[in-house]
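As written in Swiss-Prot, here are the features:
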- 18-25, 86-90, 140-143: GTP binding site (BINDING)
- 9-277: domain 'tr-type G' (DOMAIN)
Amino acid sequence: MSGNKVEVDKRRTFAIISHPDAGKTTITEKVLLFGNALQKAGTVKGKKSGQHAKSDWMEMEKDRGISITTSVMQFPYNGALVNLLDTPGHEDFSEDTYRTLTAVDSCLMVIDSAKGVEQRTIKLMEVTRLRDTPIVTFMNKLDRDIRDPLELMDEVEKVLNIACAPITWPIGCGKEFKGVYHLLRDEVILYQSGQGHTIQDSTIIKGLDNPELDAAIGTYAAEVREELELVLGASNEFDLELFLAGELTPVYFGTALGNFGVDHILDGIVEWAPKPQARETEVREVQPEDEKFSGFVFKIQANMDPKHRDRVAFMRVCSGRYEQGMKMHHVRLGKDVNVSDALTFMAGDRNRAEVAYPGDIIGLHNHGTMRIGDTFTQGEKLRFTGIPNFAPEMFRRIRLKDPLKQKQLLKGLVQLSEEGAVQVFRPIDTNDLIVGAVGILQFEVVVGRLKSEYKVEAIYEAISVSTARWVYCDDERKLEEFRRKCSTNLALDGGDNLTYIAPTMVNLNLSMERYPDIKFAKTREN
């Protein structure tokens, strides 16, 4: 077996998706604890308590002024090397979150068992559907009172349109949470409270009919036997092929805060989740075992510190191997670059990367030349596909305090849109500039960066725009007619792509009915 194949086979690259407050940060913590990356997990407490989560723990790096928001954490587990990509929480939610999902091979979906499927989870699952990403599910917060577990699985199946196969099943919940039954191993793992900061030695009872179970949990033993008869009759069995096709999700129950059940998920990810997969380019499919290096940029982390203009581009390695000091070909620019200072993120600490393999994420210092979707190779003219732009969900008109700086404003907005910080739209019929974003924080960041980096002071105004769609049509004549009749709703984005700006969803739906030959797209390839 080649050295590269051994390294590829070891890797599992996944992201955690959840609604805010479902426990994603706590799970990230505990996952790192099991990966020996942390000795004692720091629970996410109120910010005043001084005990911050390790994945929220990097203050802005003082010397470079870059915040890397622990976007990537790499750690060993059971003979595998796991790359966990963090998706930002509600405060800094942006398109970055969506695009991070294009750089992983599987996802862990975390659901608050008291609340069930929530809005952000629905949105993120839509994005995983673009590539049929395999999903592992964790029903969290069993140490609180929860909804009926069968009802929770039913909701996942109906709302997210994915079959559920329980792997573990809860025994009690809240103050009466006793542990879980592992359906595939035929064993009960008992829960001990107050062990959240360390890896606990769990008590395992083999077999549901074992008298030790009755001795350990009393009347709950009979209840769980009865309940499991119903569960086994009403639920799906785990099927690896369906899981890898993104059609079925294995479901685990536990409490991240109590550090119970997290190792069960990791066991499942290492055993079943795909190793780094082949990636499509415009020319051919790139296999991870290919000898020559290739990778693509899926995220650019801009500094939030006006004193520094440096940023880091996050690259997923797709084939070959990165070695310190190697020469890479930046395909879009047609230029070769020597890369000697790429970063790796072992358990959240930034280190210089000496070597990286397919599935790994490296950070490249970017002085404004890299864009999202850029491909790097060892000379081959490839371009990876499947790194999309998403239609924004919030819009503002942006206006200058000094009208003479229109040129600088446009330049700044176009550059920031290339970097993925925001999207900009120029209506065809007016001189307005409309900024679109997925998260509210993006607007604030853009105004701050326009001021510090482009010396432009701008303010936002409300605008009646509900959504945007990129428009295409194979028939040039029909497209021209559409442009003429709908010009008041049309704009060009930062890359000069034609976009329909809809004041309401009703307006969009009417236009789609009226012009059936025009394609209105929610996403656009970078």
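Positions of Cβ are set from backbone N, Cα and C atoms, glycine also.
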Binding-site residues compared (Ser18, Asp21, Leu142) - highest count of Cβ atoms within 10 Å: Leu142
Cβ packing number for Lys24 (GTP binding site), 10 Å threshold: 26
Cβ atoms near Thr87 (GTP binding site) (within 10 Å, other residues, all chains): 23
Where Lys24 (GTP binding site) sits in the secondary structure, as DSSP reduces it to three classes: helix
